[in-house]
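According to TrEMBL:
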type     : residues                                                                                                                                   : note
DOMAIN   : A:44-101                                                                                                                                   : domain 'P-type ATPase N-terminal'
BINDING  : A:Asp419, A:Thr421, A:Asp982, A:Asp986                                                                                                     : Mg(2+) binding site
BINDING  : A:Asp419, A:Lys420, A:Thr421, A:Glu667, A:Phe709, A:Lys733, A:Arg776, A:Thr856, A:Gly857, A:Asp858, A:Arg956, A:Lys962, A:Asn985, A:Asp986 : ATP binding site
ACT_SITE : A:Asp419                                                                                                                                   : active site, 4-aspartylphosphate intermediate
COMPBIAS : A:612-622                                                                                                                                  : compositional bias 'Low complexity'
DOMAIN   : A:1008-1253                                                                                                                                : domain 'P-type ATPase C-terminal'
COMPBIAS : A:1308-1318                                                                                                                                : compositional bias 'Polar residues'
Amino acid sequence: MARESEDAGIAKASKVKRQRKKKTKENKTRIVHANILYDHAKGEENPNRHYANNKIKTTKYTVLSFLPKNLFEQFHRFANVYFVFIALLNFVPVVNAFQPELALAPVVFILSVTAIKDLWEDYRRHRSDKEINHMDCLVYSRADKRYVEKYWKEVRVGDFIRLRCNEILPTDVLLLSSSDPDRLCHIETATLDGETNLKQRQVVRSFFELDCDFDPLKYNSIIECEKPNNDLNRFRGYIIHRSGRRDALYKENLLLRGCTIRNTEEAVGIVIYAGHETKAMLNNNGPRYKRSKLERQMNVDVFWCVIILLVMCLFAAVGHGLWMFQYGDKRPVFDVLSPEGTDLSPIMSAIYLLLTMIIVFQVLIPISLFVSIEIVKICQVYFIHQDMDLYDEETDSHLQCRALNITEDLGQMQYIFSDKTGTLTENKMVFRRCTVAGVEYSHDANARRLAMYQEMDSEEEECTSHGGTLPRRDSVSSHQSARVVLRSHSTKSHRRTGSRAEAKRASILSKHTAFSSPMEKDITPDPQLLNKVNECSNQMDFMRFHSQSMSQLPSDLSDIIDFFIALTICNTVVVSSPNQPRQKVWAKVPSQSPVKTIEDFIKRFTPSRLTSGSNSSSSSNSTLTKLDEEHPGSLDHAFSTVLPCYDGKACTPEEGELRYEAESPDEAALVYAARAYKCSLVGRLPDQVTVELPHLGKLNFELLHTLGFDSTRKRMSVVVRHPLTDQITVYTKGADSVIMDLIKPPDTDTAGRKRQKKIVFRTQSYLNLYAADGLRTLCIAKKILSKEEYACWLQHHLEAETSIQGREQLLFESALRLETNLHLLGATGIEDRLQDGVPETIASLRKAGLQIWVLTGDKQETAVNIAYACKLLDPEEEILTLNADSQVSSSNQNFTDSINPSSSPLSSSSFHTTPFTVHRLGLVIDGRTLAYALDKSLEDKFLAIARSCRSVLCCRSTPLQKSMVVKLVRNKLKVMTLAIGDGANDVSMIQVADVGVGISGQEGMQAVMASDFALPRFRYLQKLLLVHGHWCYSRLANMILYFFYKNAMFVALIFWYQFYCGFSGSAMIDQWYLIFFNLMFSAFPQLITGTLDKDVSAETLQQLPQLYVNGQNSEEYKPYMFWMNMIDAIYQSLICFFVPYFAYAGSDVDLFTWGTPITTLALFTILLHLGIETKTWTRMNWLSIIFSIALFFTVALCYNASCPTCYSPSNLYWTMQRLLQDPLFYLLSGVTPVAALLPRYFYRACQGTLFPSPVQVGRQLDKLPAETRRNILSLSRVKVGSPVHLKPPFLSLTKPSPKGYAKKDQRSFPTSKISQAKQMPVLQTDEEKGQRSPVGPIDSEKGLLDLYTLVPTKVDTLASTKEAPTFAREQQNPVTKDSECLDKTLESSALSLSSWITSTPLLTQADSVQLALPPHGGSQCVKYTRNSEERLSSDHTVHPVHRTEQSLHTTL
Amino acid sequence: MGRAKRKPGPLARRPDNSAFKQQRLPAWSPMLTANTVLPFFYFMALICMLLGVWLLLTVQGTQEIKLDYTEAGTCDKCFEKRKNVSSAAESCICKVVFLVEKPFKGDVFFYYGLQNFHQNLRRYMDSRDDGQLVGRKSNLKEPSSYCEPFAKDQNGLPIAPCGAVANSFFNDSFTLTYYGSSGDPVKVPLLRTGITWYTDKNVKYRNPQIDNLTLAQVFEGTAKPLYWKKPVYELDPLDPTNNGFINDDLIVWMREAAFPNFKKLYGVLYHDKLFTDGLPAGNYSIDISYNFPVQYFQGRKEVVLTTLTWFGGQNYFLPIAYLVTSSLILLIAVILTVAWWKFGKKGKNMEE
């Protein structure tokens, strides 16, 4: 440690130097030279000497600085300062109340406990630092001319280090050489961002062409780069060679500290940032400190305590002054003069007394409260950690509490803001269906396969014996074995096939490969599409064979093949095969990096090459043949039509099965989908992509550019040279909203134009359909560039690439220039499956009175449908949709005007109808509208609407908006908010909320890093909040109240005594008892109760979520309760004081012989009081109470026997011993606590008997035998859990879910038509305003048609509802009831038009009731409707009725 | 699940399934409802009632006589005398006569009492030096600062015993005389030693021990407290072992009373001749050496003759407290019973 401090000193000195240097030389960049050039100069000359070395020190203290620094930190807490002040006050003779040394004891105790805790933590940090600092790595030594082993801490900026496979990077290293033939280095960044897929890093371009091994001695370049910063995704700089050539450096060249080298045998790099300046260390922020609501409330009451204390002290001081005054000039013998022998004036002695009283009464401000709360919270965190129910077997992870001091906030949440993807859903993308060239391929078999998985998920338990699971397990384990080969360090135990759960877990563990579960991998192709693909490739093969131009292919077929090619190559998926990691086997093709310079371009695109298509195709052919030679039979193998495995059919997994690692799961899903059509990605190099096509074999696509995905563009593109046509082709994949706008039909031929228009139109309608299904949609498009166009674009692009300033912006613009006039190929629908138990969790959280808002970046339709699936939106709800895009698009200024009139009547209407509709509304708002709603002028209105809605769904929201929404709700509504999310886009929201919860899922660790609690699964939120939150809150609330009571009661005893001792500040309770009472004698039982007490059992809490309201309304600790406790404390102290007083009145008792029984009685009373408040008595409770009493008597006896003179001024010699022989003492002990606790006991008994709170009812339920309890709970669930089903009158006014539509489509078509017609006014207004409704013209036209043909009255609606024959299977009651309700609402004049039209008046009762019927089976219902929808998919083309819903969106 | 055995690897972080860690410790959870509380209430009421009655009967067997002698009998002239500072040093003897109607049976205790004398003032209480009283020679010559301003006299001599408590030592003395049926005055024998706690006399208070020196020599070089008439080693002229710091009266005085109205033991009746069974009924007189001034603080002085029960003097409070508590519990129990009978009985758990 001493050495450490020395080092710190050096570091500090160097820091100072660096700062000085900064002043003199304004360097905004860092310049790194190679160290070996300066070896002999021993540092002085080394230009790198000012940079931090690689020694890390995360400890806060050193041996020397520990005491002052720790004390300084502790004194930041006001309470500590206060107590030290009081302790020091004791050293002033005139005011001292206690033995000064003794008065220091509690403060010293508290401070030292905290200090020891800090010291221990710091020691652990020191240990781990030391371990890290002493790891080995290879550093090039000039003297030895080779790499020598050095400790990490000895590595300096400018050193060359050599890294071997599976080594952890010690610093941020610029990659200069790699053993990989492609000059790549793969790293795993799990420790940084939690992403377990491998990332590629490239050797700096200038070192790319080095044939031989990199020789550090020949290195003589200078690197200029950014100052150290914490942005993991940015690194800019350039390397200046001796020749003066400059090469740009990118983040792809930088290997970050903490990452692991994978799949690369050796890499050499130069250290750029070291130690604390590495990006990983700069990103490493300490834990967060939040103050919980309960603590805030507590602080208010602490403040009250201070006031009470001051009042008491003042009272005593004035009393003493008056008491002195009454004796006038003649001083009684017992009045002691000041030490100097002079008279003290009454005023002076009153002032002295005030200070004395503060010391005596200090106990009122509970010094141990803060420590106790901390201890209890640590215990609570421990128990939450230990909960088996919060442990996820699959990922072997359990809940992490990252913030230790807000556990009780979990019990007080009112609003939950949830992300959708990865939080509600699994973020496991499964390819569901696609549409190519305007033709939909529904993939029914695939859907059936997925349904099977779903079933199996639900019956997880029986799977071991289930035959059907075997093939799956096999595939998993085969996969597993592959993994093991690849990563020798990974545990072999995974290979053992055990239960299904284990296999599943193993598959998740093997998430290194991002995609491994067979559910995601094996896609059953649509036979129709498969045929077309085969046909198409056959033709192409034929054409190639006959050297015909590929462009003669029928356009629909070429679209299909292009579609799959796009799926295959337009991504960043990395291929690896288990036997041959990372395509090492490929013969080294002449290296062709992406075109980087104009010369390069000219060189590579010389007319000869460009014109002679045969040349290139022959080259690809040559590669092909070469490959054939190398892998005899591999082509045959690929060509043999092996159907991809899927469940039910045992199939042998392919030996050399390729695995895809993708940065985002949907990319991999698409690649797997393409593979199912035998269009498989077999290799990816920086400059080429190899695709295997049926009949065509392996084709090498020369990769010219990759324009990566970004959230602004919402698309990615690749520029390739098509090996068959030799055209420069751009494949673009992206969100439909952006792609659709970029589609431009060819100008030239009208047929193609018409066709394309048709395709666009159809695709759009399918896209809407997919979205309605809750699928994630992506559009695939392509564009063929002429060489001139390309050259022109390339020039700009290269300029953009090489510029250092504003490079991102330029690249962005460059990408925009490229991605225009696209040709639409098709669209895909990917399913993001809901996590287990999400609907149930949401339902029970909602029953618990929590408002759940979903904030998602997804598009509205997808989000709405997921919301229905997870029961966030109820089919019976009215949905208010706020979509302002159209208004905005017409004019930004108009928006405020238009939203105002629309939102204000609405909000007023919802206020009018609040009693009816408060639980019946769902609000859907999209990002653009949200931006306006969050505006200062509108936020109140927005909140007013949102509050009256049962659920709110914000789609298309940016991370910033998410956090703004949370902030708005939190600040304006003054509610407790919880934000839960899993991705980096949720970080801001998580940080803003009172409690941030991260899902440790697939999207990396950023959310977890920012969160207070990290959960493996969304469903664990239920137990975390309902059980642990409730417990933590009620435990802590009760403990705090008890603390206040305890201290007040104890201090009041002394206060009463002041009336009998001339307010002189003397205390009948000895200083020892006074000081240690709180700290020792009464401390343990309350800690035990605060840690272990359970007011209601976990089971009941989960089954009766209503009990959560207890915490939300802060019912355990309301402000009045503090005062009630104070009054109780006063009463009890009066009893405890006056019973002994009168019992001893007029006797010859001395002060402490009388005071000690009072102390004892107070202890008994306080402990019994705790006993009344304790709900569950475990062994620990008994033990702690017995221990407390025993401790008191032991200490008292020892203290009273130890020394007759030591503890002046008080002297209790032999008092306790005498007392224990005194019968009066026992008689007092009998009656006083009984009398003192009588009122509270009576109150509790009355409350428990006559008006039990819900929590008490819950406790009573706990006591019942299990059987009865279950019955009652099931009863109560029907009654309480679904009050909405019984009361509200708007049942018939609710909105059907799209699924409902789909079903009804089939069953009662007229009804749906009517419902459509109902919405017509809306559509009409939309049209009148000339707004572009996202639905597209068909619907509007159709809707209009319906309107004119059917113009139904509301009564008609009713009639038809009643008549609908399909409803026969439902109970008749709801229907009639509904109709009554409807009648009522019709009469109700309060119902404004706007709310009328936004609702779809016709409920498909069938659906809604059916959805509500099965008590548990939310998911089953959803599944059922989905299935039905799939069956109906063909109908949709004719009647895409559900989309009318969208037209509704424009009403606001 | 068909897991054969738990492997250490994959499920390493799985929490223990122990009752403690899963918060499932077996627990007794009492429910504070009428059903459980009422029996307890009735039981407590009964217990308290019985105890109360028993205590009451016991207390009624005691006897007590209180006699305020501040201005009673011939003491009024002494009272006047003590008002005047100039005559403070003069001795004054007075007599108070009283009648005992019923004989005192058993042990009889003779107390003197003071009213409105705040022995419990903080500064007063602290103004003593336990080190000196336990006989430490260093403290004898150099009293603790707690004794200020009664640590040294004007001449700078250390005061022994120092401090305000000792300084205000109660210095009235009493002689109790019985006028029997014959009319002859018989001096009632009082034990004037053995009235302290054993530990006080033998542990807490010790005289400084110096070999071969008399007590007076030991205390040489110290001054007597300001208000005292004789030095500490001459407190009891009759019993040389009862002098110095171990004088019983001093020890009794030094045990500071809890309340401003207090009594302190002066003597215990010695069961001798006439008084073997206690104090017989008849006329008594007390001869008082009236020294202690109380008029400055509106104090009163009294003597108390009393017999004791096993739990203390004649104090009706404790039995009454028991009886009142008992009746309160009973009252509450009845109220609760009625309320429960009327409202709370119907399925309390079905309310939700």
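In case you wondered, yes, glycine gets a Cβ from its N, Cα and C as well.
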* To do: Just jot down the residues in the same chain as A:Asn985 (ATP binding site), at least 6 apart in sequence, with C-beta under 8 A of its C-beta; none if empty.
  => A:Asp419, A:Gly857, A:Thr958, A:Pro959, A:Lys962
* Helix, strand, coil: count each for the residues of the domain 'P-type ATPase N-terminal' (A:44-101), based on DSSP. => 26 helix, 0 strand, 32 coil
* Structure fact -> If you count the other CB atoms within 10 A of the CB of A:Asp986 (Mg(2+) binding site), including all protein chains displayed, you should get 34
* Could you list the residues of the same chain, at least six apart in sequence, whose Cβ is under 8 A from the Cβ of A:Arg956 (ATP binding site)? => A:Thr856, A:Gly857, A:Asp858, A:Lys859, A:Gln860, A:Asp926, A:Gly927, A:Arg928, A:Leu930
* Structure fact -> Around the Cβ of A:Thr421 (Mg(2+) binding site), other Cβ atoms found within 10 Å total 27
* Asked: What is the interatomic distance between the Cα atoms of A:Thr421 (Mg(2+) binding site) and A:Arg776 (ATP binding site), given in whole Å?
  -> 10
* Asked: Just how many other Cβ atoms lie inside 10 Å of the Cβ on A:Asp419 (Mg(2+) binding site)?
  -> 30
* To do: For A:Asp986 (Mg(2+) binding site) and A:Phe709 (ATP binding site), determine the Cα separation and express it in whole Å.
  => 19
* For the binding-site residues A:Gly857, A:Asp982, work out the Cβ neighbour count at 10 Å and name the residue with the minimum. => A:Gly857
* To do: Taking only the Cα atoms, work out how far A:Arg776 (ATP binding site) lies from A:Asp982 (Mg(2+) binding site), in Å, as a whole number.
  => 18
* Should A:Asp419 (Mg(2+) binding site) be counted as helix, strand, or coil on the basis of DSSP? -> coil
* **Cα-Cα distance linking A:Asp982 (Mg(2+) binding site) and A:Phe709 (ATP binding site), given in Å to the nearest integer** => 20
* Return the residue, from the listed binding-site residues A:Phe709, A:Arg776, with the maximum count of other C-beta atoms within 10 angstroms of its C-beta. => A:Arg776
